[in-house]
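As recorded in TrEMBL:
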type	residues	note
DOMAIN	2-348	domain 'Isopropylmalate dehydrogenase-like'
BINDING	Arg91, Arg101, Arg129, Asp218	substrate binding site
SITE	Tyr136	site 'Important for catalysis'
SITE	Lys186	site 'Important for catalysis'
BINDING	Asp218, Asp242, Asp246	Mg(2+) binding site
BINDING	Gly281, Ser282, Ala283, Pro284, Asp285, Ile286, Ala287, Gly288, Gln289, Gly290, Lys291, Ala292, Asn293	NAD(+) binding site
Amino acid sequence: MKIAVLPGDGIGPEVVREALRVLDALNLPGLVLFEGDVGAIAYQRHGHPLPQETLDMARAADAVLFGAVGDPSCDNLERHLRPEQAILGLRAELGLFANLRPATTFTGLEHMSGLRPEIAREIDLLIVRELNGDVYFGDKGIRTRDDGEREGWDMMCYSESEVRRIAHVAFRAARKRGGRLTSVDKANVLETSQVWRDTVIEVGKEYPDVALEHMYVDNAAMQLVKSPGQFDTVVTGNLFGDILSDQASMCVGSIGLLPSASLGERQTEYGAFGLYEPIHGSAPDIAGQGKANPMATILSLAMLLRHSMGREEDAVRVERAVAECLADGVRGGDLGGRATSREIGDSVVSKLLTLS
Ligand code: ATP
Ligand code: MG
């Protein structure tokens, strides 16, 4: 089993380092790790934020563990040389079209949420966001009309096959979770959403054990803060998913806690090929100070164990170790505490060793 490790910039290397210590503590046989440059560090060393050798390394691996990219020193570079392009390039080149973002409240953190604690306590959901289509990738431009006024347009487009493949990912995920899937669209006004909805219903016939419901995105945004406990698995397009997943993350409380997985169609002999990363960025304001909370990256590693290695039990152990550390009061700066990245890594590793 080969893992490409791409720590990237800012706090990326600091949080990835701790996740690798957790991986080490699991003592799994037959693991080979490769490390590559990505982001601003890759631009400085190789003249490009996503060097060919990094891409080749990721392609040759069974999974990718990614830190974060971005550095203020690159803000004035041409768009294609900016660090952020590296992650977009990786997702596209690796065919990763399904972004999985779980959001679960942790015992002891209910009051960190923007929601009332008794409501925050209910959150245990997974957002499955389509990553390769929608308004981001449709025909777009800015033109000047005859009357001299500028107008911009972005075409929203989804084909049945694009919807079908993300729907399968979502139904399979829902089946493994609570057996309920909410498909979010805006079918009352958008034709794209009509195709989306029809296709999800069609795919749903293959999953009679999953209860499917449909919700308009405006209502979903409202329900997410009103009673998030009603959601189990949510599937939606790229644009709606972008917004709803950020919203869901703030319902949990801290950006330093939330993991993500990006999956495609490729299967390896161990599971699904995927890229795993925390949802936070490179946080240049705290980089190099040992202040970053590595829990989001450690939980991303748990997702890697689950989806790319078929090691559900180890994944659950890692997740329990993190949850129990939080319940014990281990707090990084993002949670108003003082624990350093290394101390948080140490706590998770010791906790892990006590869990069978
Ligand atoms: P990007 O554009 O790459 O998503 P961003 O500008 O949205 O980046 P982040 O890098 O995610 O922002 O950081 C947002 C804020 O959260 C910063 O103040 C940062 O210090 C803080 N932060 C982010 N991740 C962590 C972490 N793991 N631990 C502690 N604080 C964090
Ligand atoms: Mg951000």
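Backbone N, Cα and C atoms are what each Cβ position is placed from, and that goes for glycine too.
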Out of Arg129, Gly281, Asp285, Asn293, which binding-site residues have CB atoms lying under 6 Å from ligand 1?
Gly281, Asp285, Asn293
In sequence order, those binding-site residues of Arg101, Asp218, Asp246, Gly281, Asn293 whose CB lies under 6 Å from ligand 2:
Gly281
Quick check for the class: what is the C-alpha distance, in angstrom and rounded, between Gln289 (NAD(+) binding site) and Asp246 (Mg(2+) binding site)?
26
Just the number: how many Å between the Cα atoms of Asn293 (NAD(+) binding site) and Asp242 (Mg(2+) binding site)?
23
So which of the binding-site residues is most packed in, judged by how many other Cβ atoms lie within 10 Å of its Cβ, out of Ala283, Ala287?
Ala283
Rounded inter-Cα distance in Å - Asp246 (Mg(2+) binding site), Gly281 (NAD(+) binding site):
13
Counting other Cβ atoms within 10 Å, pick out the least crowded of the binding-site residues Gln289, Asn293.
Gln289
Which ones, of the binding-site residues Arg91, Arg101, Arg129, Asp218, Asp242, Gly281, have a Cα no more than 10 Å from the Cα of Lys186 (site 'Important for catalysis')?
Asp218
How would DSSP class Tyr136 (site 'Important for catalysis') in three states?
helix
My understanding is the cutoff is Cβ-Cβ under 8 Å with a sequence separation of 6 or more in the same chain; which residues meet that for Asp285 (NAD(+) binding site)?
none
